[in-house]
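Visitor: Let me begin by handing over the structure; questions about it come next.
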């Protein structure tokens, strides 16, 4: 069961110790431990079936039907962004952003969040009128309007075209720098992980196989020598061997 951290200023926003999650006889997470600090951006890589989404669902309190054990502490204020923006098609954009937000200034907060993601003026649009990238901007606004201490993102840009993904990377980096939530991004994209994260984890057979700090200033240049070194190291942990590029 997850417990919730209450106001310990120096405590990590997320603390996981010896976490086990199983589906029937199959163990998905096997004694996993992890801390995430306030304002820290952590990316999680792993092959299909390694337990990435299971960990995210555990942190989001969405796995109550899964058997398991271990210590799991998360903040009360958390938001989740999925690959599918999950907007309600019968509600307009602003209504989607403030859905469930029971505050007297909810509409004002929602408009401010939409302005942050570059969608001011689209408050009354229907979701079907938006592009895929715009729908994900709405999903980000919906998450950030709640001022979360923890932002969980499960392949949020996986369905977007390459150019839109790059724009969303810049937007997410700026928003996280401004709001300072702890972030866990689940992704299959090694370059995306190295571009955005302060730290990249590789999950293998339900345990953390690698924990690599990204010691490159932001915004990051993919042509930076260190970027290539970290990419190669992560790919090796994922079972992909790379060869150095030979000079022409």
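Each residue, glycine too, has its Cβ placed from N, Cα and C.
According to Swiss-Prot, the record shows the following:
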BINDING   46, 47, 48, 49, 50, 51, 52, 53  ATP binding site
DOMAIN    14-230  domain 'ABC transporter'
Visitor: Neighbours of the ATP site 46, 47, 48, 49, 50, 51, 52, 53: Cβ within 8 Å of the Cβ centroid, same chain, sequence order.
Guide: 54, 203
Visitor: Around residue 52 (ATP binding site), how many other C-beta atoms are within 10 angstroms of its C-beta?
Guide: 24
Visitor: For residue 51 (ATP binding site), just give me the three-state DSSP call.
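Guide: Where residue 51 (ATP binding site) sits, the three-state DSSP reduction gives coil.
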Visitor: Measuring CB to CB from residue 46 (ATP binding site), give everything in the same chain under 8 Å that is also at least six residues away in sequence.
Guide: 52, 202, 203, 204, 238
Visitor: Tell me which of the binding-site residues 49, 51 sits in the most Cβ-dense spot, judged by other Cβ atoms within 10 Å.
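Guide: Most Cβ neighbours within 10 Å: 51.
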Visitor: Tell me which of the binding-site residues 48, 50 sits in the most Cβ-dense spot, judged by other Cβ atoms within 10 Å.
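Guide: Sorting the candidates by Cβ neighbours within 10 Å, the top entry is 50.
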